[in-house]
């Protein structure tokens, strides 16, 4: 018994001393940096990329692949940590409060813009963050079951025009989500009225279309292409300027007769807190640019059927601002607060 | 198929693969046993390590971990009333009272044996029926999920002890808790302005608080520093009589319930263990002893939650649809290996699924053996004096809640639910219905609303869908039959007492 108490004491002491060490380090580190503002990155230090979803999802996979490629490029250490919760709000708060030294970064999707323009409107602006690199684009596609009577977007639209409010369309997220806005951009241009069914993930919506529980799924190529190949699903169109390499037979919306603005896309990238030094932003941006170009990362993109991102931080910042404008416009139209 | 399976076996008898099975099982135990670390978190942590591995080795490692973690959750549920995984909540209902009676050995042995047997039987079912069962799962649309969840909720009348009113209070409390966060269909916020609450109340930290931390408060009430008793038993404390009592649950019922519910994406191990537990209680002759330390309860809950693991693999392998959060991460791991779970997997690389099947048949007995060896070691935990145990349990609760997503938010949730749980239990409101409601509430809400959106004919939609209709009828029967029985019994007793008076 005595031994056990001693052991407990010992463990407690160890923990305490570890904590106090940590504090000292943090303090001295803080002082050092206040004195001289670093304008280059030190690859002896560890980089952390925070992901706002649980592990295993597409954004998490991108972050991990990008981290691996960045390690290859720099020889440094890039760690990926998951901070799920609050549809991204937990991760955003941590990024917003992180030191603007470039070592704490976050993975992002249109969800972050959605939070800034929506739920967290009163807390954050786009300027509160640095938009660093676009890692990939995952275009939207429209898929139906193989038994569906529709073989083209035109047939689908004709049916929807004759039966307003009948066609059920499923995809990720509530009204105002990236998938929902993508569908609205299409349905507005086609002038049809449909019913949106929200699912917790794109995968869930694909499951529902495989079981014929919804009429149409708004999805992404990586989620549906294998069912397209096996013949279980038909893909009627892709929301992109050009046809996709992996789906050469699928027309773009424009080719199918619906001239929509395709600048709205599911993209994933890297961001950080505002106030990061311009030189460091430039350095980070070029590290990720090189990482994206590595063979490993390109193979991953190809395997998961995504398009490569190719923007430096300036282009990406403009891009994010533009996406935000489209989103605000749609939030107003859809009545999302 | 047989040829494929034999090829699969020939693939796994290599040093590397056997090492993966062993490593996966061991890591899985600890991941499962630490409340807060769920099987899916464990898999996620290991995924990056598997990047450089051969796809088969990677998959075997992750699946072994998945299975062992579902078992590991039962260990702390039995010993400390702290379910290590959500699916082990039902294990605690009888496991912890058994341990309190000094029968921790027996409870642990029953839990590992039922886990092992359940997973093994379920693995065989998987090998035989993966593709047709996965196709069956596709029939589950919003309405079927809603009906399934309502069926689950109707189990409240089987599970509840004592006052039905208090059980219903517990259930509605759970249902209200589920509403916190962002509305899943139209995206407005409910009971939450900003920050972490937007993501809702995480289930597992709440469960840890409700069960384990409130138990700590109970321990503190009793200032006498007594040790828990552990009855001296030969071997593992599991007798022939015990086996006779539970073999049906262990070998037939729990595995089948676990497998079938595991196959249905989104239902999973937690629902499976709740259904199997209720079934065992309902069909038992000694209903009163459930919740007070009946080994059949442990066998049903643990057997079913482990059988759900092979079940969840069926839609994942055959269709590329995750049957659970863990299976979703496995799909991600496969993608990184350049493989795609789904129809292509069986056609183009049949060696992958069949090697996985073979590895299940080998890894489950290994997992069981390690578990049995651990029984006498784990039991030592409850010999620790209560005042020290209270500190250890609360530390585990806090660390576990923190590990849930590396932040303080789940820790606060755990603490709040711990305090709430203490008072709830003081008021004799059972915690079972709260758990039931929190597991099923989200499923009920989203799927009902989705069904109403998809349906053009309103509620009459139910009558056109046979699976949903059957489930709803079962739910009504499940809810009312035990009540009718109880009322009849009361009448009879009153009659008897009157007759005696006369």
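Yeah, the Cβs are placed from backbone N, Cα and C, and that goes for glycine too.
For B:12-31 (among others), the entry in TrEMBL reads transmembrane segment. Within the chain, the transmembrane segment (B:12-31) has long-range Cβ neighbours (under 8 A, six or more residues past its boundaries) at 37-39, 41-42, 45-46, 54, 56-57, 60-69, 71-72, 75, 355, 358-359, 362-363, 366-367, 370-371, 374.
TrEMBL lists B:18-436 with the feature domain 'DUF112'.
Summarising the annotation, TrEMBL assigns transmembrane segment to B:78-96 (among others).
What TrEMBL lists as transmembrane segment is B:108-131 (among others).
Per TrEMBL, transmembrane segment is recorded for B:143-162 (among others).
Annotated transmembrane segment per TrEMBL: B:168-186 (among others), in sequence order.
Distant neighbours of the transmembrane segment (B:198-220): 35-36, 38, 76-77, 80-83, 85-86, 89, 92, 96, 177-178, 180-182, 189, 192, 386-387, 389-390, 393-394, 396-397, 400-401, 404-405, 409-411, 413-422, 424-425, 431, 434-435, 438-439; these residues of the same chain sit at least 6 beyond its ends, with a Cβ under 8 Å from one of its Cβ atoms. Residues or ranges marked as transmembrane segment by TrEMBL: B:198-220 (among others).
Annotated transmembrane segment per TrEMBL: B:256-277 (among others), in sequence order.
Taken from TrEMBL, the feature transmembrane segment covers B:316-336 (among others).
Sequence annotations record features per position, and here TrEMBL assigns transmembrane segment to B:356-379 (among others).
As annotated by TrEMBL, transmembrane segment applies to B:386-403 (among others).
Beyond its flanks by at least six residues, the transmembrane segment (B:409-424) meets 36, 170, 173, 196, 201-202, 204-214, 216-218, 397-398, 400-402, 431, 434 of its own chain at Cβ-Cβ distances under 8 Å. What TrEMBL records for B:409-424 (among others) is transmembrane segment.
Here TrEMBL flags B:460-484 (among others) as transmembrane segment. The list of residues near the transmembrane segment (B:460-484) in space but at least 6 beyond its ends in sequence, with Cβ under 8 angstroms from a Cβ of it, reads 139-141, 143-144, 146-148, 150-151, 153-158, 164, 278, 282, 451.
Counting Cβ pairs closer than 8 Å to the transmembrane segment (B:108-131), the top stretch among B:78-96, B:143-162, B:168-186, B:316-336, B:356-379 is B:356-379. Against the transmembrane segment (B:143-162), stretch B:256-277 has more CB pairs under 8 A than any other of B:168-186, B:256-277, B:316-336, B:356-379, B:386-403. Across the candidate stretches B:78-96, B:168-186, B:316-336, B:356-379, B:386-403, the maximum count of CB pairs under 8 A to the transmembrane segment (B:256-277) is reached by B:78-96.
Of the ranges B:78-96, B:168-186, B:316-336, B:356-379, the one with the most Cβ pairs under 8 Å to the transmembrane segment (B:386-403) is B:78-96.
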